[in-house]
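Participant: Structure below; questions to follow.
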Amino acid sequence: MTGISGADVRKLVVACDAGMGSSVMLAGQLRRELRTTPVTVEHHPLNAIPADADVVLCQQGLADRASRAAPGAVVVGFRLFLGDPAVSAVVAALKQGGPVTGTVGG
Amino acid sequence: MAVVELYAPPAGDSGFKARVQRFGGYLAGMVMPNIAAFIAWGLITALFIPHGWLPNERLAVLVDPTVHILLPILIGYTGGRMVHEQRGAVVGAVATIGIVIGSEAPMFFGAMIAGPLAAYLLKLVDRVTVDRIRPGFEMLIDNFTAGVVGAVTAVLGVLAIGPVMRTFTAAAGHGVSFLVTHHLLPAASLVIEPAKVLFLNNAINHGVLGPLGVAESAETGKSILYMLESNPGPGFGILLAYLLFGPRALRPSVPAAMAIQFLGGIHEIYFPYVLMKPSMVLAAISGGAAGIVTFMITGAGLVATPSPGSIFAYLAETPRGGYFGVLAGVVVAAGVSFVVGSLLLGFGRLARDEEGL
């Protein structure tokens, strides 16, 4: 999938290799930022992204793998773990209902 | 973002990289959920062995069974669970007992094979039986198919997989001691640091170096292999170089990244800073190699995998009397990475040039 409307997103998954380190950190931040929305934020290893994930956020270097592991989700790759514009764009879209566009495939 | 994009190489993702990452992800995925058990074993070892902090014969008996039996079985269990959930986990653990029994070296690589393999066999068996079971016989069939697969794979482990993996583990151990005795270990940074920033860090550290390190530290009480990939020094040096000489748009985010990397041990946070200017990998390699040289000269080692690779994990897992070497290796690695990284960033000249653009 290449895009989804922010209003339709119910589950946002932050993925990293082990699902124990960087994804937990970012998921924690996003959970706070998205507290007021109906979106559930989870963190998982790339090899175990749940099938009901609507949007998957992961580092660009892992985005290829994420799109294979979660073909039904919109995969958004970001570059920096702190203050990356791609992440802020997703957060804004989820809050205001704008489109979330995938960065891989399509 | 213009400044950041100037530094960004074109994205060249390949299916090959994704495949290697995924394979590495499976290896690391069997070990990482069990890191706490490795740390428990490392702490018990550091405390109670004869030259530990609190030598105690009665408690030191924990050391051997934990590393030879418990840890491989946890890996086999987790590997089985990845393939076939709870049922896979159980047969994975049973299969692993087959290879750990009678082995002198801890059988981590064997567990990484036997666990998933047994679970896969059970998955095939389940696929055949699932539609053929008459109502009321589910529990009977499920328990006995898993029991039979477990028994068969445990026997296979003793007779076949165990001996093969012992040969493999011994060969890997010889390979490592060759590198150590010929002072070639620092060259490992040539492979480790580039692979690390391509997000193969867990695969290398937990899939390869950790299991080799356990074999060494089970004998000698510490291992340098735990520190080859996990040294927080090189990443810290690179971030420091970015803080002082990197593109101005990036600098504000760097101090938080430094804390997360060096104190929190989440190394992933500095990989993007290397990837956006790939020549920075030279700073990582030289820092990593300098750190390893320092560890070798000072005879440093840790008692278990420091995971995450935080300075606190390093200090907690340093054996008695080993602080100087461990800290020296971290500091030297950070210093060398910082100097090389600053050179590569032109001591801020690049950042100034961009502002003129």
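Numbers here mean position along the shown chain, with the first residue as 1.
Using N, Cα and C of the backbone, Cβ positions are placed for all residues, glycine too.
The feature domain 'PTS EIIC type-2' is assigned by TrEMBL to B:23-346. As annotated by TrEMBL, transmembrane segment applies to B:26-53, B:59-77, B:89-120, B:140-161, B:232-250, B:256-275, B:282-303, B:323-347.
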Participant: Of the listed stretches (B:26-53, B:59-77, B:140-161, B:256-275, B:323-347), which one yields the highest count of Cβ-Cβ distances below 8 Å with the transmembrane segment (B:232-250)?
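Facilitator: Most contacts with the transmembrane segment (B:232-250): B:323-347.
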Participant: Could you check if the transmembrane segment (B:89-120) is in contact with the transmembrane segment (B:256-275), meaning 3+ Cβ pairs under 8 Å among residue pairs at least 6 apart in sequence?
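Facilitator: In this chain the transmembrane segment (B:89-120) does not contact the transmembrane segment (B:256-275) - fewer than 3 Cβ pairs sit under 8 Å.
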Participant: Under 8 angstroms, Cβ to Cβ: which one of B:26-53, B:59-77, B:256-275 has the largest number of such pairs with the transmembrane segment (B:282-303)?
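Facilitator: Looking only at B:26-53, B:59-77, B:256-275, the most contacts with the transmembrane segment (B:282-303) come from B:26-53.
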Participant: What residues in the same chain, six or more past the boundaries of the transmembrane segment (B:256-275), come closer than 8 Å to it by Cβ-Cβ distance?
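Facilitator: That would be 9, 196-199, 201, 230, 232, 235-236, 238-240, 242-243, 246, 250, 281, 283-284, 306-313.
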Participant: When you scan the chain for residues with a C-beta under 8 Å from the transmembrane segment (B:26-53), skipping those not six or more beyond its ends, what do you find?
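Facilitator: The answer is 59-60, 62-63, 66-67, 70-71, 74-75, 78-79, 82, 108, 111-112, 115-116, 202-203, 205-208, 210-211, 214, 217, 221, 302-305, 307, 316-317, 319-320.
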Participant: Please compute the mean pLDDT of the model over the domain 'PTS EIIC type-2' (B:23-346).
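Facilitator: Here the mean pLDDT over the domain 'PTS EIIC type-2' (B:23-346) amounts to 91.
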